[in-house]
């Protein structure tokens, strides 16, 4: 219109029309490219836009957040965390049991230290790039970056001290600080940690109520089971209520049901009315207060995580708004930006079926591509598993040499031939691309090929017998491998049962999308394992013997103790063993045996360590994980409850934290976006 008013003669010019067309095309391409760039940088990662925006800094920003650079940084973090397994005390031994553990290889001084210094240099470069991109003003506001600087500095100082002492230092402080590198590298992990910190007051209120409940029943128990003149009636006092510490410990363990009903048997044997005390304690503490704690964690943590997701959504909208604002300022083009978030759910299309000219082949294609073929294959797999189970039951009392595996192998061979036939027919019906477009077919095909290869190897061993029977791979081991693969193949029925498919997909989503929570659990395990090694390394000695020397006076074979239960491999003598011991305590089955043993071999204060780990892992983290499983499952149930089995298979979305709270997220207004946009430290808009 402007050209027509000012220079009408140019309207008919092909050159002018071409220039206008190219200008319009270039502008639209520029918008598309910029949008895709912003999508790659901000939309998928929800990162902040408060960084330098000049050309040089943007190139550095794109390089830093490239897949190669981020994978390299992740690999560095993994390496520095894994150093704890090879550092002294090393975990490079077959067994952690001190009765069977031999002298292990210790890395020479300087080997692990050199690897660690390379990692620290990479972390210094990472800190330098981050600091440059956001500027000094933003750096001073970032608590995580300041902490990053302090952790690197302390680690380098401790490294220098370690090298100067020829790796003979008692404590390595930097080992305790290594999990920080994992935390600061994940934005979602930071948000999760922040949410946990904000949830702690609500958790502390319930824990305080639990402590009050525990103290009240401890005093009542000490009054009920006081020492009397009749020694035969002092069993409960002698075992569980001798003093305040023993009474608290006994009832605390009862709160986890680990020592039930052992703790009440002495008193219950004398008078059945004493059971009222223990039942009341368990009902109030275990079934009321502990479940109340789960409900509070679920409710409060979900609310705080929603606030965190809301902040991430604002960052995403702000990134889009800033991109178009820059274009508007540069090109004097007014752009109307839609503030609602559009999610493109691209439906996955399977490749078309191959075309056959023969009517017979077409009819066979319809038969072998039908859904009922999968049902028939599942029925055959079920019959195969039943046959294996029957043979195993019949041979359960026989040794390996007495078993006759020929019948089982003949049956397995028949089933394997059917599986191979089924795979070939599906390839014929769908084509290679169509066959591989189904995840179930990929699973079935891989297992079928492994079964075929294993059966051929078994046949070769059977036809050409030799010393390999007693070597690395024997006939019986081949039979077990074939049977395990067949049982594993039976898992193909999971996608065909709606509720089972829903549960399985929930577990897969937990693995894929809840990595931040698993990362924090790794950090907690790491810190407690390091503390455990510092406090209890070599505290418990093995039983007396020729090779082990004298045993301490704390040794006892009383039923239910650490020694009587043969828990020797569970110790804090190296990092790997400490991890397994902490896991055993988190399960809370017989965790009182570990607490009792280490309090006997060290001091009574050792109980504080185990109680803190129980509160952190079993009380808080397990309840938090249960709450997240409930949230994820409820979300998927609401999305898939009205779908058929085929619809569930066809759903291609992933449950992310953002999608879980999509219904509760509030979109930011235009005024809020502009207000934050004009506060950008490096972007000065008119």
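Using N, Cα and C of the backbone, Cβ positions are placed for all residues, glycine too.
Automatic, uncurated: that is what TrEMBL annotation is.
Because the structure is a prediction, the values reported are computed rather than measured.
For reference, TrEMBL has these:
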type	residues	note
DOMAIN	96-301	domain 'Ion transport'
DOMAIN	371-633	domain 'Ion transport'
TRANSMEM	16-43	transmembrane segment
TRANSMEM	64-86	transmembrane segment
TRANSMEM	145-166	transmembrane segment
TRANSMEM	203-225	transmembrane segment
TRANSMEM	275-298	transmembrane segment
TRANSMEM	371-394	transmembrane segment
TRANSMEM	406-430	transmembrane segment
TRANSMEM	442-463	transmembrane segment
TRANSMEM	514-536	transmembrane segment
TRANSMEM	575-594	transmembrane segment
TRANSMEM	606-630	transmembrane segment
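With pairs at least 6 apart in sequence, the transmembrane segment (406-430) and the transmembrane segment (442-463) have 3 or more Cβ pairs within the 8 Å limit; the two touch. Of the two recorded stretches, the transmembrane segment (514-536) does not lie close to the transmembrane segment (371-394), with fewer than three CB pairs under 8 Å once pairs fewer than 6 apart in sequence are set aside. Note: the stretches the transmembrane segment (275-298) and the transmembrane segment (606-630) are in contact (3+ CB pairs below 8 A, sequence gap of 6 or more). Cβ atoms under 8 Å from those of the transmembrane segment (145-166) belong to residues 109-110, 113, 116-117, 120, 123-124, 127, 130-131, 139, 172-174, 177-178, 180-181, 184 of the same chain, restricted to positions at least 6 beyond its ends.
Across all of the domain 'Ion transport' (371-633), the predicted model scores a mean pLDDT of 77. Sequence-distant contacts of the transmembrane segment (575-594) (same chain, at least 6 residues past either end, Cβ-Cβ under 8 Å): 84-85, 87, 89, 91, 96, 249, 253, 256-259, 525, 528-530, 532-533, 560-562, 565, 567, 569, 610, 613-614, 617-618, 622.
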